[in-house]
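K.L.:
One structure is given below, represented as C-alpha cells, and several questions about it will come after.
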Amino acid sequence: MNPIYFQARFLTSAPDLRRMPPDQGREVAFAGRSNVGKSSAINTLTNQKSLARTSKTPGRTQLINVFPITDEAALVDLPGYGYAKVPAAVRRRWDQVLPEYLAGRRALRGVVLVMDLRHPLTDFDRQMLDWCGHIGVPLHVLLTKADKFKAGAARNRGQNVGRQLRAEWPGVTWQIFSASKRMGVDEAHARLDEWLGLGPAAGEGR
C-alpha cells in the first residue's frame, strides 16, 4: 500500500479535452460501464469516502473528473458508459470524448478498466480493450465486486477472464478487487506506482 494516494484531491470536472488541465505530467484513467463500482474503487484506492461520487443511478458520472495526487501525477475518472437511460445527446458526446482522450492525451500513462466480476467482458469492455490496444495505451483490468463470491470462486472466475484476456489482448494485466473488503489495494497501487512514478520513495519524499 502506498499512502501517497491518500492525498488525492478533486481538481475539476471537464466535459471535453479543451477544458481539461494542461496536458503535462502523468495521468491514469479509470474507465468502465455504469454501475461496475468504478467510483468505489477510486475511493478505496485513495482511502477516501467520497472523493469520487458514488450513486445508485448508473450513468451519473457524465464528466471527466480529475484528481491530482501530486503536481505531476493524477487519477482521472472517465464517464460511466452504456446505460440506456442516459440521454442520447450525452451518449453521443461520450462516444466522441472518450476516443479523443485516449488517443490525444499525452499525459495518459495507462487505463484501469473496471469490470464487474459477475459480468465481465461486455461489448463496451471489449471496445475499450481494442481501442487501447490499437492506440498502444497500457491497460490493467480491475475485476470488482469479488466479495460477491467465495474466495475460491472469485479466483476461478478471475482466472477465466485472465485466460480470455491473454488469448485476445496479450499484455493486458488483471486482478480481482473488492472495495468493501479492501481486497487487491496493494496490487492496484503497485500498478499505479509503475505508471505514475509514485513508488515508496516518492511517497516518503513529499
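Residue numbering: from 1, along the chain as shown.
Cβ from N, Cα, C; glycine included.
As annotated in Swiss-Prot:
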{"type": "BINDING", "residues": "32-39, 59-63, 77-80, 144-147, 177-179", "note": "GTP binding site"}
{"type": "BINDING", "residues": "Ser39, Thr61", "note": "Mg(2+) binding site"}
{"type": "DOMAIN", "residues": "24-198", "note": "domain 'EngB-type G'"}
K.L.:
Residues with Cβ closer than 8 Å to the Cβ of Lys145 (GTP binding site), same chain and 6+ apart in sequence?
P.N.:
Val36, Gly37, Asp116, Leu117, Arg118, Ser178
K.L.:
I'd like to know which of these binding-site residues, Gly32, Pro79, is least surrounded, judged by other CB atoms within 10 A.
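P.N.:
So among Gly32, Pro79, the binding-site residues given, the one with the fewest Cβ atoms within 10 Å is Pro79.
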K.L.:
Can you grab the distance from Ser39 (Mg(2+) binding site) over to Gly32 (GTP binding site)? Cα atoms, rounded to a whole Å.
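P.N.:
For Ser39 (Mg(2+) binding site) versus Gly32 (GTP binding site), the Cα atoms are 10 Å apart.
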K.L.:
Over the span of the domain 'EngB-type G' (24-198), how high is the average pLDDT in this prediction?
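P.N.:
A mean pLDDT of 91 is what the predicted model shows over the domain 'EngB-type G' (24-198).
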K.L.:
Take the Cβ of Asn35 (GTP binding site) and count every other Cβ within 10 Å, whichever protein chain it belongs to.
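P.N.:
Asn35 (GTP binding site): 19 neighbouring Cβ atoms within 10 Å.
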K.L.:
Which of the three DSSP states, helix, strand or coil, fits Phe177 (GTP binding site)?
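P.N.:
Looking at the DSSP assignment, Phe177 (GTP binding site) belongs to neither helix nor strand, so coil.
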K.L.:
Counting other Cβ atoms within 10 Å of each residue's Cβ, which of the binding-site residues Lys38, Ser39, Leu63, Phe177 comes out lowest?
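P.N.:
Selected from the binding-site residues Lys38, Ser39, Leu63, Phe177 on minimum Cβ neighbours within 10 Å: Leu63.
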